[in-house]
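These notes concern the structure reproduced below.
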Amino acid sequence: MKIHEYQGKQLFRNASVPVLDSHVARTPDEAAAAFKALGGAIAVVKAQVHAGGRGKGTIIGQEEQRGVQLVKSAEEAASVAKNMLHNRLVTIQTGPEGALVNQVIVEAGCDIERELYLGIVLDRATAMPVLMVSSEGGVEIEKVAEESPEKIFRENFHPAVGLHSFQVRKLCKKLGITGPAARAADHFMKSLCRFYVDLDCSMAEINPLVITKSGEMIALDAKITFDDNALFRHPEIKELRDLNEEEPAEVRAGNAGLSYVKLDGTIGCLVNGAGLAMSTMDIIKYHGGKPANFLDVGGGATTQQVVEAFNIILSDPNVKAVLVNIFGGIARCTTIATAVIEASKEIGITIPLVVRLEGTEVEEGKKMLAESGLAMITADDLTDAAKKVVQAAAAVAG
Ligand code: ADP
Ligand code: MG
């Protein structure tokens, strides 16, 4: 689960990770009041969407308006907020449709001496979190990793022990940080590593992490992702979820207990088991098609869940054909067959449907489908199914 920058920064304040003063504004008047409350000569208005790249992003219909902007008066804060609020911000991470800005923050300005990058993720190779820092702050870290990987420095830390001071000193040496900033780094990095572990984050990224002219170290940005499987331990974090930022079909699937990820192809996939879902996507691609989604109905899928899964797949206008690929291990093929019949009665499936069933009660399941009189293409194995569905989708698409 992702959260907004303003929420991340509030959590940082609670954990004594240094951030600047800021206020959330949902109207231009609130932005003007926030500017006055900060009391400085300059402030920065920042659109709050989950996507990164806001500083270089543009507001649809006002191409000169970025998602992060310096302002010098309360009036300017209000007018910039007005440009952003209830409009869509397009960044390299949003796609051309952009993300709707429902709130902004007005944050104190700061005298930046250096911009660094800092990120913490789980390093599966060492089975420990890894702290990564780079002198290349403010730019995309993926680009740095590709073009100049020697500029990224890493330290693993044990979750039960945290980051050691000697590790911070090593990183400071590599980054050329000395004096008061090095002392600030010790507090900053150790607090953030503790934060990462205590709150069960899967990623904490601060880009840029700045060193000010007076040697302070401050998180200017905050991108935090939490491990969904640990959210039950943090009800207060669960509350921070913003459904407006999520794909509606994925939210709907989550509510029905289905794992669904929307993709941009034309072949809808209804599969049981995550591994089978992955290989179904692979084999569709292998035969020249493009999956429209990943969908795992789970091992013990009920008829209702499968009907809902059909609803979700068919609500995607890009879907030109559907492949049902079921291996009845725990789930019975008869349950799936019942669900397919019910779904087509309920919603009326008008596009080609390719069905491949295997496993428990397969003969009965196939018989039910055959006797239902529904128009569908049956397949005997996965290759046969993939070929048929790719062909059918291509025929519909013309
Ligand atoms: P994003 O990563 O989505 O583009 P950031 O929060 O990193 O958004 O902001 C983009 C840039 O704006 C930063 O790299 C920094 O140079 C500048 N910036 C952000 N917040 C402030 C601030 N409070 N004071 C001064 N500059 C800022
Ligand atoms: Mg950033």
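Using N, Cα and C of the backbone, Cβ positions are placed for all residues, glycine too.
These features come from TrEMBL:
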- 2-211: domain 'ATP-grasp fold succinyl-CoA synthetase-type' (DOMAIN)
- K46, G53, R54, G55, E107, C110, E115: ATP binding site (BINDING)
- N207, D221: Mg(2+) binding site (BINDING)
- 270-390: domain 'ATP-citrate synthase/succinyl-CoA ligase C-terminal' (DOMAIN)
- N272, G329, I330, A331: substrate binding site (BINDING)
For E107 (ATP binding site), what is the secondary structure by DSSP, using just helix, strand and coil? strand
Anything from the binding-site residues G53, R54, E107, C110, E115, A331 with its Cβ under 6 A from ligand 2? List those in sequence order. none
Mean per-residue pLDDT in the domain 'ATP-citrate synthase/succinyl-CoA ligase C-terminal' (270-390) works out to 91
On a count of neighbouring CB atoms within 10 A, which of the binding-site residues N207, N272 is highest? N272
In chain order, residues whose C-beta lies under 8 angstroms from the C-beta of D221 (Mg(2+) binding site), counting only those at least six residues away in the same chain, are E5, E205, I206, N207, P208
Counting other CB atoms within 10 A of each CB, which of the binding-site residues C110, I330, A331 comes out lowest? I330
With every protein chain in view, how many other Cβ atoms are within 10 Å of the Cβ of G53 (ATP binding site)? 16
Identify all same-chain residues not among N272, G329, I330, A331 whose C-beta atom falls within 8 angstroms of the centroid of the substrate site's C-beta atoms; report them in sequence order. G273, G298, G299, G300, A301, I326, F327, G328, R332, G359, T360
Which ones in the same chain are close to R54 (ATP binding site), with CB under 8 Å and 6+ residues apart in sequence? K46, A47, R66, G67, V68, L89, T91
Restricting to the chain of G329 (substrate binding site) and a gap of 6 or more, list residues whose Cβ falls under 8 Å of its Cβ, or answer none. N272, G273, G299, G359, T360
May I ask for the distance between C110 (ATP binding site) and A331 (substrate binding site), taken between their Cα atoms and rounded to an integer number of Å? 59
How big is the Cα-to-Cα gap, in Å, between E115 (ATP binding site) and I330 (substrate binding site)? 54
Where I330 (substrate binding site) and G53 (ATP binding site) are concerned, what is their Cα separation in Å, rounded? 44
